Structure formats: C-alpha cells, structure tokens
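A.B. asks: Let me begin by handing over the structure; questions about it come next.
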Amino acid sequence: MASEELAQKLQRRLQLEESGAAAEGEEAAAAKGEEAAGDEAERSCLTASADAELSAKLCRRQDINEGAAQPRRAAVFNPYTEFKEFSRRQIKDMERMFRLYDSGRDGYIDLMELKLMMEKLGAPQTHLGLKNMIKEVDEDFDGKLSFREFLLIFHKAAAGELEEDSGLLTLAKLSEIDVSIEGVKGAKNFFEAKVQALSSASKFEAEIKAEQDERKREEEERKHRRAAFRELKSAFTQ
C-alpha cells in the first residue's frame, strides 16, 4: 500500500515537472517572438527615419538650388588658407576696413552700412545699385556681406571677374588696398606654378616672422624705457 502511494506521488511529481517545462518552453517561445517583433519594429523605425532624413536633405538641396533656402556654411573660416593669393598684411587691411564700416558690430555689412561706405569712398550708389553689389557676392542670400563675402569682392577684382561698371570693382579700386595677385594664377606650366607656390609659402612665413620680430623689438623698447625710468626715479629719490 505504501509503495503504491509512493509510486503515485512520484508519477504526480513527474507530471508536474513535465507541465512546468512545457510552460517554460511556451514562455521562451513567446518571449523570442516578442523580441523578434521588437527588432523588426526597430528596423522599420530606423529605415523610416533614414528615409525621412534623406528626403529632408533632398528637399533642402532643391530649395537652395531654387533660391528658397540658405546654404549652411562651415563654422570655421580661415581667410589666410582660403584666400592664399593675398598676403597677411592685405587681409589684415581688408579686415580693418570691414570692421570700420560694420557699425552694428554684428559681423556683417548690411545695405545701409554699404551705402555709407560707398559715400565715404566718394562713389555713392542708388538703392538698386547697392542691392546688386551685395547680390554679386551674397552666397547665403541673406542680403548682407559677411567678412568672407567681403573678401570675395577683392578676390573677384584681382581675378578680373568683375565688370568695369560694377560697383564692387569701384569699391575695390577706391579702397586703397593693393589686390594684385602674387599667387600661382597665370603660371605657364606646372613647374612655374610649383616654384611660385613655394615662393608664396616662403613669403607667408617671412611675414609671420617679421611680425614676431616687430613684437620682440617693441617689447625690448618697453623694457629699456622702464629701466631708464626706474634709473631716473632712483636718481631723484637719493
């Protein structure tokens, strides 16, 4: 009797274990199915996001081509590397001129500031003429001149890309800034271009060294003046 009861208990235990294993298998299968569904949903979401981003880029490119949107420019702008045909001194002169007429101190020369500039240079322009001047170099269509666009005026003037009746050419001529090209344009062949490029690089380095030497000389002069002043002061206090 005891053995029969024990056999029934063992059989019941086996049945419970088998039913538990089956339940665990069903739960694992269900979890795996949910995970697969989640992965599929994530892939669909990423695909939709990529498609939307590509579509947005294509739409923006079309707007820029049609003039309905402004192209984004890189945040970093180095005039010395982008406008290599000009020396450091020339670019500094252009920068001083730009800041002089940027009365709003916002980093741009707008229509009214350009109007004042042309009047000061002795070549006043009509409202339409001023707008056309800006339009010739206004790459981002914002209706005003950034420093880079201001440099483009002298770049185009030096390269002979401005018409004789262009207000920008008048501005470049009256600015008293020498915009003669000393770079590699006009070289007859590759070897001449190479030599001129090396010469330009050497000149650039020489200008930097000259500026450094000038600063050292000024610092030495200040030291001598301070020493002379201290010596004079000590003579009076004795």
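Backbone N, Cα and C define each Cβ position, glycine as well.
Note: TrEMBL annotation is automatic and uncurated.
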A.B. asks: According to TrEMBL, which stretch among 1-44, 177-220 corresponds to the feature region 'Disordered'?
C.D. replies: 1-44
A.B. asks: Which whole number is the mean pLDDT over the domain 'EF-hand' (89-124)?
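C.D. replies: Averaging the confidence scores along the domain 'EF-hand' (89-124) gives 94.
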A.B. asks: Please work out the helix, strand and coil residue numbers for the domain 'EF-hand' (125-160) from the DSSP assignment.
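C.D. replies: Across the domain 'EF-hand' (125-160), DSSP assigns the residues as follows: 23 helix, 1 strand, 12 coil.
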A.B. asks: Per DSSP, what is the residue count of the domain 'EF-hand' (89-124) in each of helix, strand and coil?
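C.D. replies: The domain 'EF-hand' (89-124) comes out at 23 helix, 1 strand, 12 coil.
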